[in-house]
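**Q** Next up is a structure, given as structure tokens.
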Amino acid sequence: MHLNTTLLVSLALGAASVLASPAPPAITAPPTAEEIAKRATTCTFSGSNGASSASKSKTSCSTIVLSNVAVPSGTTLDLTKLNDGTHVIFSGETTFGYKEWSGPLISVSGSDLTITGASGHSINGDGSRWWDGEGGNGGKTKPKFFAAHSLTNSVISGLKIVNSPVQVFSVAGSDYLTLKDITIDNSDGDDNGGHNTDAFDIGTSTYVTISGATVYNQDDCVAVNSGENIYFSGGYCSGGHGLSIGSVGGRSDNTVKNVTFVDSTIINSDNGVRIKTNIDTTGSVSDVTYKDITLTSIAKYGIVVQQNYGDTSSTPTTGVPITDFVLDNVHGSVVSSGTNILISCGSGSCSDWTWTDVSVSGGKTSSKCTNVPSGASC
């Protein structure tokens, strides 16, 4: 038998095509009807057993309702490793037992999650039980509040958090995370020893958006310690330390890049706009913009840049350069005992700054500014 040339070529090409094709993906068994039904379930957890029950059953629920959950002392409300697409709803008042420990009180991780609060809810840390004026620097060991770690393509919105013992949100190892319309009210701590009650601490994360936050606290409203593509808008920050980059340096990740603060108000706070890099460390801060920022009754510094954070009496060091720093329409008031602007840069380590329509008044003019780059004034 003789095959014609066309047929031989066709067979050869077909064989080659089969050999060159990648192996098909492994086929896994589809979920059973029972598994699908479980994942479609709305699960409600409440009372003193609610936290442990939620932790045990969390992967069996597509919607988790936490209704008046009383988390036992020394226990984390563990919502880590949730199924993709899980919706968590805080309802009623969530409370926490007292114990000296480091926390966190709540921990969440997963992908495509939605974390919301029902109308009238509150997450009450009752921080006065720990407050002693020391914060994380000593005294009682205080639990951090909310670990938003290893979150991807997720949204946390509409939560009302009251009286955290110390830091509120720790955002770490997260990408494409949105925090929207969050209220943090630690105002009781103003006269009762609240300290280091940072609202949003961000590290080693990318594409984090915080919008519409209302914060009353006693430390940074936002502190970006490392990360890229961070956006904060429409914020109201009262009583704390302002909108901060850093402190940067001395960590495993010391790069801050492409951070924008826009359309926000800072009132009755120690600082307004703040960049702080730790003395004798390395890293970089670049592409940071503050636009349309209003300052009111700032107590210490309206705008402050320090490359000697940790030892401000020493000469600023150059290991963490600050480049492409933009201020656009930053204006407002400092109290008479405060300082309008302080810039403490190392030699040549602050460059490519662009300040436009910057007006901060009411306080003193600093005589301690060093190595102020062109494009800025002190």
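Every residue gets a Cβ built from N, Cα and C, even glycine.
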**Q** From SER62, SER109, SER337, pick the one Swiss-Prot annotates as O-linked glycosylation site?
**A** SER62
**Q** According to Swiss-Prot, one residue among SER57, SER122, SER359 carries the annotation O-linked glycosylation site; which one is it?
**A** SER57
**Q** Quickly, which of SER48, SER128, SER351 does Swiss-Prot have down as O-linked glycosylation site? Just give the residue.
**A** SER48
**Q** What's the most sparsely packed of the glycosylation sites SER52, SER73, counting other C-beta atoms within 10 A?
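**A** Taking SER52, SER73 as the glycosylation sites, the minimal 10 Å Cβ count falls on SER73.
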**Q** For ASN258 (N-linked glycosylation site), what is the secondary structure state per DSSP, taken as helix, strand or coil?
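**A** SS state of ASN258 (N-linked glycosylation site) = strand.
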**Q** If I take the alpha carbons of ASP219 (active site, proton donor) and SER52 (O-linked glycosylation site), what is the distance between them in whole Å?
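**A** Approximately 32 Å lies between the Cα of ASP219 (active site, proton donor) and that of SER52 (O-linked glycosylation site).
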**Q** Residue list, the repeat 'PbH1 1' (174-204) vs rest of chain: Cβ under 8 Å, 6 or more residues beyond ends.
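**A** Here the qualifying positions are 127-128, 131-137, 148-164, 166-168, 210-227, 230, 232, 237-240, 251-253.
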**Q** Can you tell which of the recorded positions SER57, HIS241, ASN258, CYS369 lies nearest to SER48 (O-linked glycosylation site) in space, using Cα positions?
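**A** When the Cα distances are compared, SER57 comes out closest.
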**Q** When the Cα-Cα distance from CYS345 (disulfide bond) is computed for each of the recorded positions CYS43, SER46, SER73, CYS221, CYS378, which gives the smallest value?
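**A** When the Cα distances are compared, CYS378 comes out closest.
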